[in-house]
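Engineer: According to TrEMBL, the active site, proton acceptor annotation covers Glu337. The Zn(2+) binding site annotation in TrEMBL covers His336, His340, Glu359. The domain 'Aminopeptidase N-like N-terminal' feature in TrEMBL is assigned to 20-224. Annotation source TrEMBL lists domain 'Peptidase M1 membrane alanine aminopeptidase' at 264-470. The feature domain 'ERAP1-like C-terminal' is assigned by TrEMBL to 548-884. Per TrEMBL, the feature site 'Transition state stabilizer' maps to Tyr411.
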Amino acid sequence: MSASAPASAQQDYRLPTDIKPTHYDLTVWTDLENNKFEGIVHIDIHATKETAKIVLNTANLELGDVSLKSEALQDVQTASEREFDAANERGVFSFAKPLPQNAKGRLSVTFKGELTGDMLGYYRSSGGKDGELKYTLTQFEPTAARRAFPCWDEPLLKATFAVTLVSRVNSVNLSNMPAVSEEVYTPNSADKEPWIAQKLSSLPDPGQWKITRFETTPPVSTYLVAYANGPFEYLESSYKSPLSGKVRPLRIYATGDVISQAQFALDIKRMVLPLYEEVFDIEYPLPKLDTLVANDFDSGAMENWGLITGRTQAFLLDPKSADTKYKQNVAATQSHEVAHMWFGNITTMEWWDNLYLNEDKVFPEWKLDSEFLGSHFFPARALDAKLSSHPIEVECPDANMINQIFDHLSYAKAGSVLRMLASYVGEDRFLKGVSIYLKKHMYKNSVTKDLWEGIQAATDLNIPKMMDNWVKKMGYPVITVTEKEGGIHVRQDRFLETGPADPKDNETIWTVPLNLLTVGADGKPILNKQVLLDEREKFIPLDTSKPFKLNADTTGFYAVQYSADRLAKLGQQAAAPNSPFSLSDRIGLVSDALALSKAGYTSVSSALELISALRGEKECKSSPNRDPSVVRDINGCFTDLVWDAIASNLSAIVSTWWENEHVVELLNSLRRELFVPIVERLGFEYKASDPYDDVQLRTLAIEQAASAEDPWVMGELKSRFDKFLRSGDDSTIPSDLTNITFRIAVQEGGQAEWEAVKGIAAKAKNPAQGLAAMRAMGASKDLNLAENTFDFIMNEARDQDTFYYAGGLMRNPVTRRFLANKFKENFAAFQKRYAGNFGLIRWTEISFGGLSSDKDYEETAAFFKDKDTSKFDMALKQTLDTIRSRAAWVKRSTGELTQWLEKRPSVKL
């Protein structure tokens, strides 16, 4: 529970604490042919006080016999009464004789359920070249174990699990632990579970079933239990523990048609496991670690202990045709889930308001620190700048809220503030503190203060004082810098995307590590990490005639507002040879400038002037930076990421003014002047010998030039697609250009191009190509083809993939409002399709988040006014805030933006 949650609220949505489970013997029979499962669960329980009622979680199951055995009572009782609370997903079983305090008992329940395609609980999926291979798997996070078997479905209530799976003899069974036995059922075999013999003897073909028993798990939360059944194939490897020398097997499973594309993810797992053992100073505790690749999966991936699961796009990769970004995503996903084996699985949050404690993004080894800014840090800041934001620690009154907090704040802001803390205390001491925390709470549950105590023990610093407001309060500050004689005056206020905060919204005082970078008399940078702003305002002595910057390396989760003159100087200094500013400094300057102008703190022209100052970023530079590892990617260059920040911010302006053709064309002219010369310099061809930064920058420049409708670049991409259309040979389309080539082909083409891309989306040769096709189907300017795309979404697309198609329609200005209207027209169908999972949250954000007018805000708010929005209320409020802030920006800055664009000098590169 978060500190603010009252006891009454806890009682409302938490299970009673008079009974605690200690062990589950779970047996599940899977009938894939008839899409159903049955089973029995024996749960060892401990009564903390006398009770005649047992309350647990159950949902969408048909429960059969319920009995309670207790040595204390010398009796086996059947439930005298049973009640079900559908809203809270609970079953209440009453017994004639109460279980005495401190007594142990064994609760046995039989159950039946349907294997649906809902992608939660125990569900069905299909793969193979034509979808002919049927299989099952589980997805229990956050509260869906109760859909698979009756249980105490809360993270706090850890227990050991012994899983037994009964399945067809020609299938493969998987679970968290290794199998200890597997045998074909024979009618005369003595089985310790009578239910199995009773079930199989009733079938016409009992000899066609097998029984697989798995080792017992360590204490584990229900959301991390996993099992699967189907015609899986695997690749195998192993790793040697650097702590014990023990060798553990590693496997990755998938259907046979795609297993050859799983080697890269397996290699990543093999490489990262020993590194994490060294980071945490704790050996991986289970005997094996498998990964299962699924064709239908609601989220990206899931860190089930010993059996990681995830969608094809998260783990499969064709090394011959995968683009660089896609490889990075696969590597990041696999290493992220492996990190959870410690930070989340060994030690688990006590309740879902502490979700962020199982986040591993603080470790930059697997996501370059500067790339983290664009993919996590700034998206989290954009969300946290809304009045509808929420703290990292948020009270979870019910399962609907738990699903909704899986957003950028639960993950990316949490990772960002921990990254800020690691920078302040030093990464070595930070990781030592994490290790202390993990060892102290191994196989137990944790709350925020436990992590702070671990880091405090390693640093001797008052960590709670510094961090509590960052996790318990919503929002973050903007630090306003005013230059005065002899130094600078700094002041903190809450940053809001709607402009300066009202006093009632501006009460929090954060402890802000200012990370002050100055330049000494010898011209070398000096970094002061000890300066804290823990009051509203203060004066800092320094020489303002020399370069200085707050939030060095953009490690702090806050914005910095300088005067227009100082921002211009910072831009010039950042672009200069031997600049004291790192790559992350440059990215932060650009992104802060746009965020401040969008919120009305500064002019949009000041952000564009900064971009103009940084436009000379085209060659690798050396820097006297205090830590060279901060400014370079793995090949020593950083140019592409600065350009990426420029590109993403210009694209954000274009997207906001999407209905003003004059402004869009002026912005596109600027983008063409910036990016076409880079295309001319780097060309369209990719070679194995290309430096990493050239590959990334070439792709970015081509995408930006094509998006800005440069005829030469679009013509080249269309020509390459035309050759593919005629011959079926896609070798002229480099993998890094597949996304933009497909999009331009559909955008500028007609029915033939759309049909070709649709065919790829339906049957791609690898997941990366399939993703490109799904997104491209929405790029057509023809509304008839847009209708066809939407029909495909509704009738043919996999549930897990509909968001990719919708994203293509949202990105296309011709179909953006079309998408919003179609979602409203089909709202009832979407409610039914995505009952229980994250679908409505994503569809709401995609369908309306690109709109930019007051009328759109009013119509969207009015549409949802009488709808049940309980499953996506948080996302809806945030989306409405987005529309309102975009509309305000358009009204406030159109004149100034138009004037600057019309009068700007041509870009000289």
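Cβ coordinates are placed from backbone N, Cα and C, and glycine is handled just like the others.
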Engineer: What Cα-Cα separation, expressed in whole Å, is found between Tyr411 (site 'Transition state stabilizer') and His340 (Zn(2+) binding site)?
Structural biologist: 13
Engineer: By a simple count, how many Cβ atoms lie within 10 Å of the Cβ of His340 (Zn(2+) binding site), its own Cβ left out?
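Structural biologist: Its Cβ shell of radius 10 Å holds 21 other Cβ atoms.
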Engineer: Take the Cβ of His336 (Zn(2+) binding site) and count every other Cβ within 10 Å, whichever protein chain it belongs to.
Structural biologist: 22
Engineer: May I ask which residues of the same chain, at least 6 positions away in sequence, place their Cβ under 8 angstroms from the Cβ of the residue listed as 'active site, proton acceptor'?
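Structural biologist: When sequence neighbours closer than 6 are ignored, the residue listed as 'active site, proton acceptor' has Thr291, Ala301, Met302, Glu303, Ile308, Gly310 within Cβ distance under 8 Å.
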